[in-house]
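First the structure, in the form of structure tokens, and then the observations on it.
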Amino acid sequence: MTSTASAQQPVLRTKTPSYHAPPSTDPLSGATIHTLRCLDTPIHLGYHLIPHIAKTLLSTLPSSTYVLITDQNLEARCSVTTAFRREFEKAAVHLSSSHSWRLLTKVIPPGEASKSRDGKNAIEDWMFEHRVTRDAVVLAVGGGVIGDLVGFVAATFMRGLKFVQIPTTLLAMVDSAVGGKTAIDHPLGKNLIGSFHQPNYVFIDAAWLKTLPVREFSNGMAEVVKTAAIWDPIDFAKLESSAPAIRSAVLGPFAKDAPLDQGRTLETRTESQSLLLDVIRGSVGVKAHIVTIDEKETGLRNLVNFGHTIGHAIEAVLTPEMLHGECISIGMILEAEVARYMHGLSQVAIGRLTRCLKEYDLPVSLSDSRVTRLAKSLDVTVDRLLDIMKVDKKNSGTNKKIVLLSSIGDTVQNMASTVSDHIIRRVLSLAATVTPIHEQPNKPKVTLSTPGSKSISNRALVLAALATNTCRLRNMLHSDDTQVMMAGLHDLQAARFEFEDGGETIVVHGNAGALARPANDKQIYLQNAGTAARFMATVVSLVHNDGNQHPVVITGNKRMKERPIAALVDALRSNGTSIDYLEGHGCLPLAVKGTTHGFKGGKIQLSATISSQYVSSILLCAPYAAEQVVLELVGGQVISQLYIDMTIAMMATFGIKVERLLDPTTGRPSNTYRIPKGHYVSPDVYDIESDASSATYPLAIAAITGTECTVPNIGSASLQGDARFAKEVLEPMGCTVVQTATSTTVIGPKLGQLRQIGLVDMEPMTDAFLTASVLLAVAAHSPANGSTSNARPSTRITGIANQRVKECNRIRAMMDELAKFGVNTKEHDDGLEIFGIDYRQLHANVRVHCYDDHRVAMAFSVLASLAPGAILEEKRCVEKTWPNWWDDLERKLGIRVHGVDPECSPSLCISPSHFTKASAASTNGKPPTCLSQLTCGKALTPRKYSKHATIICIGMRASGKTFLGAIGAAALSRTFIDADVVFNEKLGAKDGLGDFVREHGWPAFRQKELEILQELIARHPSGALISLGGGVVETEACRQILAEYAQTKGPVIYIVRDTNAIVKFLATSDRPAYGEPVMDVYRRRNPWFSECSSAELVSYSEGESLAIQPCAMNVPDPSFTIQKKFGLETEVARFFKFVVGQDTNQIRDLVVDSRKGGRRTYFLSLTFPDVVPKLELIRSMESGSDALEFRADLLNPSGQPVTTPQIPPTEYVKNQLAALRHRTSLPIVFTVRTHSQGGMFPDGKQHEYFELISLALRHACEYIDLELGWDDDLLSAVVQAKGNSQIIASWHDWSGRLDWESESTAKIYEKACRFGDIAKIIGKATTMEDNYSLERFRAKVSATATKPLLAVNMGSVGQLSRIVNPVFTPITHEAMPFKAAPGQLSFRQVQTALSLIGQADARRFALFGSPIGHSLSPLLHNTGFAALGLPHQYELLESTEINDAVAAFVRSPDFGGASVTIPHKLNIIKLLDEVTDEAKTIGAVNTIIPIRDAQGVVTSLVGDNTDWIAIETLARRSLRTVHLADPNLTGLVIGAGGSARAALFALYRLGVKRILLFNRTLANAEKLAREVPPEWNVSVLTSLDEVAQLSADQSPSVVVSNIPAEGSTLDASSRGLIHLPTCMLRNPAGGVVIDMSYKPHYTSLLQLAQQVNTNHELAIGTNATKAPTRKLWAAVPGITILLEQGCHQFHRWTGREAPRAQIEAAAWDVYLQRC
């Protein structure tokens, strides 16, 4: 890169020479004009230029026709066409123009939609209609869309017309209007069709900017800041120092008596107008100069794309909600961070750029609330952005190029630089992983300067701001904390800030304590900056308030609103300052009103036991109090005295000497201070010491890795307590420490030789305890003096109690995160104890949750240098004190850092700790909307968690947490942990929890419960399912832990059970008594369970009864059925798999591009007011449906149809949903249809509507219908809270006025795609043309669609649209009480209609083989076709060989598929194009599937095998979840013939760990065992009696017989037959037996299963009059296997689930007759 740069020709970094020319007065118009040139194009800048434009064009570009094109918005606001026509007519008179001319005007629709081929054609057709000729001059009056579109029209119309740009937006003025680029959009991207066509003039009239919304002005300022950043440091300084004045030129306030054309001449132009025009002129000048040198963008011109590589990618995802300039603003910061990593761009430069962009209300991070509140923010992932960046005009092949800053006003190269993906990923990613380094032969020596001290920087800012003069602060920390402090002081008018030395020096012009309220009641937003918040609380009290003015509000982010400030508030209140808590007591936000004289002063008492910052806050402001302040510290030991001493020392430097009074009794210094009144006088220059807390991290790197590190500017003379860290912590741990007054050097011991130090008081250096903790974690050796209180080496850290109220509870954070690495800790009141381990025992691949705390992140990056695969989430939190820490860690300390995504969310807009985190640029500092805040009280909603995140179950005692949790754990193959069991094991409560409670009481129990919860979460972050005790939510600390876990780490599931059932169970329980009624306990806990959980699982009281397998009336036994299993266990497994995203039960092949065809999908709309009595009916109605629509708005507890709008009771909805869930396996579409949209839910009931939507989210519904009529913030909140649910964004128009091809419908579609995973638009047809219009709309949007579209017309005329709609067509059924919407059809009706209109061709199917005359296959498939209304036919094609008839059949155009049986299962392969891997493994094909293209033409024939699928499916359906999770699951296969290989394969795929194989001919079994893969783990038995030698629990749970029925017997004395001994079925957990023999259905094996079941029932005393709920052994006959494999064939051929009930009934009827 360096060589390339040096080889380039030097580029003069200036602007076009005309930029430097002074303005002139135009002789024609009298306006004051600045003139620039870009190539040959004059650019005129000024104010109120329409008269000037008219006179200039008539005099210099005479033409017969002037064509003015603008948009409807501008015309409506400014009457553009009228204004220009008037001035043209005036100009013609003024100029006495003799030539004939006309002015044609056209107003077009606004927005990007007009910038299309259709939009261009419309303009051109209009120009031809008006006989426009080649001498015409085209005027583009508008923003970028108008300029690009009209410019392209001018470029191509009659091969090119004269063209004038008159931009009216700031973005267009400084960007698109200059340079000659013109273009229109294509469905595949923006600006893909266009040309370079230089305008004849560009007229930049800044008066237009007053017509812009504030946001549009900011949007344009992004480009202004950008050009200054890459080219002109002087202009940049002007932009950052004069932002209020520049903004006021556009946003006001304006003088009431100002002339209407103010600014048109220099005499009337205000200072702010001149500043604005100056920065616009500067930006235009840069671009004009660059374009003049590089018109066609061969290199230099792409410098103006700074911020655009990443910014454009962000814009591609977030458009149109986020504007171009807003995305580029974020992109500039991210690209500057790339430059910092690659070329050392200073953090000062990034800080200046960040502050400057914020001054113009632009976002600077993806966590800005304007981004996070958008539904699309979930799609902003690293992979998505990198993929978009592949298509960028600056790229060279696959190499991505980014403009890299070297400093403010300069770039690394005079073109974009090549940047690798891993660097971009490193910058973009929210998390970081550190590559561990081990002992190196040549230990490196590193010298590393740390950033300026945060503590000193913040104090210096306050002191300098309150001073009477100017001070230059050097080495100040440029971070989030100091930025918000400067912003706050600026808003209070406390000081004016400037920058020198490239921003390294901050010049503070103090205002002598004369503060004022922020303009427009702006809140002072301090993020999570505790120091700034505490200092600012007293600073704002200096603002004088006569009692009539509003208070000043200081606020922060979520965590800042939890940090204590009560002691300081109490002290200020007692002194007369009025302070109100606006949210939680004792925390921000605060509304502060000073007195008439500001801060009163006098004697003040303050508790300083929590934070010394309270003391410093009052000390710093005390000189400006109305009375002399005497500050007395009360309440106990003062915390961090050294920081109080630091404040006093700094005050002395600024001219105020604080007197610490002596105790009259002892004569020793007391805790009382006298502060004289006065004004600070700043030193001319104040050098800020480097940060001692930050210095601990590089020094710790040296200590832990055995290397050497020197930190200059921190030594023994430091004011900071943390400077002691090296001598008092590292040296005793075995490091060599050399410390002078101004530097510290640490040399670490040999790797792994750190030692414990027993006891250390870190009260003087509390922030450094985190660094000490990670070092002590790998200190495996005892202290040098040999003293330790435990057998294991340990160190107890004391004096750090205040660390519990920092950015997080740091003591708990360190304990929890160290536990993940395998390090034990113990908490104490004033600190913690750490038990070290050998570094080689550290757990690998740990994900460290950083709690949005900079010190947690940096401390664990030290430990990660030895821990393989450690991932540090929220890496950006280091920006609080050391923004370039990750760069320095790699570039200076030599430890490689990579970017990774946090598991809790891949979105770059969502912090793992704060899903509602706001940035400093958010409006009034308010966080984005969250669903729970809006609609659901405090109930949480799901997230997309890691698939492996540990699940926690909570709920009332006896709700089923253990039972259901065990099922869930088995379904997910996870470890199940019962917290009650852990409690008993840890505390030896042999007689149960009741014993412990009786002995120690409930409070002691709750404390132990809290400790166990913390330990379980720390030790099992993934791969487990934990069931907690019912009372865990009684403790507030537990509730906070659970809520934080649910929001950031993993699912917390609330198990809900009917309270009456709970009471009944507890009546016989030995659990300790509550001491109060169970219902009272439930009422108290229920809200807590909701606010601590992210999902709810109903332990449905009827679930077990519903678990009985359904079957047709003529099926002899329920275990013979092919109908799908449902019930409690099935639903619990589905629920848990859905919550973690393992299997979301959603349709994966929804059609996106309707032009390409695809499988049509449908959902059945249920309209029952009570679904429970109709559950069996609903199952019979499911055939053909892909999902069920659950219409919550139509539910009614009375059981009567809903006739007027009403709100269904929430509990009723829950129970109805649970009942349906336990009776179907289909996905649920949860719908609440409002009355205006055609439903029965009252309009306007926002809270109740979203409460039901939240219910659906929490109950794991696969699809949720979300109406688009609600506010965007509400819709975004739902999308952010949807977890794994998919949103169907719906719009229903009942008026019949919806025009499918209108702009308004396009906007509805765009909005539906923005918020939904599926777009749903419903119109109403009155004519057939409405259906044709819909299909044209569908075809148009399909060209660029990324989301499936459900679009139909209601009404009988609209039925055609329902027939052809490919996605989730709502259908009804003849048995439904009424249709959910007019015109709904049944599935059969739709299929019949599709066939009639030629959209569903009739197909032919056949069975190949011999003999096949008695096969049930034709009956099976033809029954299915008829039941679903499909026009297909299945027949028999008998042959003993693969002949021409078979070949002709499979190659015929109407071939739909075929079944294959003996003798063709192998020979058929020669006719096939492909064979699946499964069929190859088994060595047989029994199914042929034709693959068709979008036109329906067969492109290939694929052979598959469904025999093994039938065996595996029926075995899995018959087994319990605990069977499938059994690590000793054993299977037995009898027979080694042709079907045995399919049976072995099926058991392997089932998850059987050991397969036993028996065959009467031993050699055949041994041969087969050798042929199959060794991972199948097949063992051959010489006799079935050998099973008796296995332990009972390792005996087979799955038995598959492949021998003829007549070949086996239960009689041990029979000769020549295989005897089936009872020992085969001795597993106490039972299982399933499958007999592949077709006849008879009641074989010896099935008889054996019946005998074992009978004996089992007798042994347990089953009441003969009561049907057992479940048999020990399920029995599956061969006929069931045949039907099951046939149903899988049916699905593969048709894409539809076979109607199993109808098929089963028909097949068994014929089968039993034949038997």
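Using N, Cα and C of the backbone, Cβ positions are placed for all residues, glycine too.
If you look up Swiss-Prot, you'll see Glu297 (among others) marked as active site, proton acceptor.
In sequence order, Cys327, Ile328, Gly331, Ile388, Met389, Asp392 constitute the residues six or more apart from His312 (active site, proton acceptor) in its chain with CB-CB distances below 8 Å. The annotation active site, proton acceptor is assigned in Swiss-Prot to His312 (among others).
Cβ-based neighbour count (10 Å, all protein chains) for Cys877 (active site, for EPSP synthase activity) stands at 27. Residues or ranges marked as active site, for EPSP synthase activity by Swiss-Prot on the basis of sequence analysis: Cys877.
If you draw a 10 Å sphere around the CB of His1292 (active site, proton acceptor), it holds 22 other CB atoms from the protein chains shown. Feature annotation from Swiss-Prot assigns active site, proton acceptor to His1292 (among others); the stated evidence is sequence analysis.
Sequence annotations record features per position, and here Swiss-Prot assigns active site, schiff-base intermediate with substrate to Lys1320 based on sequence analysis. Every protein chain considered, the tally of other Cβ atoms within 10 Å of the Cβ of Lys1320 (active site, schiff-base intermediate with substrate) stands at 24. DSSP assigns Lys1320 (active site, schiff-base intermediate with substrate) to a strand segment in the three-state reduction.
Per Swiss-Prot, the feature region 'Disordered' maps to 1-26.
For 1-421, the entry in Swiss-Prot reads region '3-dehydroquinate synthase'.
Annotation source Swiss-Prot lists region 'EPSP synthase' at 434-895.
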>> For the C-alpha pair, I'd like the distance in angstrom between Cys877 (active site, for EPSP synthase activity) and Lys1320 (active site, schiff-base intermediate with substrate), rounded off.
In response: 40
> Roughly how many Å separate the Cα of His1292 (active site, proton acceptor) from that of Lys1320 (active site, schiff-base intermediate with substrate), to the nearest whole number?
Replying inline: 8
> What is the pLDDT of the region 'EPSP synthase' (434-895) when averaged and given as a whole number?
Replying inline: 91
> Looking only at DSSP and grouping its letters into three states, which state does His1292 (active site, proton acceptor) belong to?
Replying inline: strand
> Where does Cys877 (active site, for EPSP synthase activity) sit by DSSP, helix, strand or coil?
Replying inline: helix
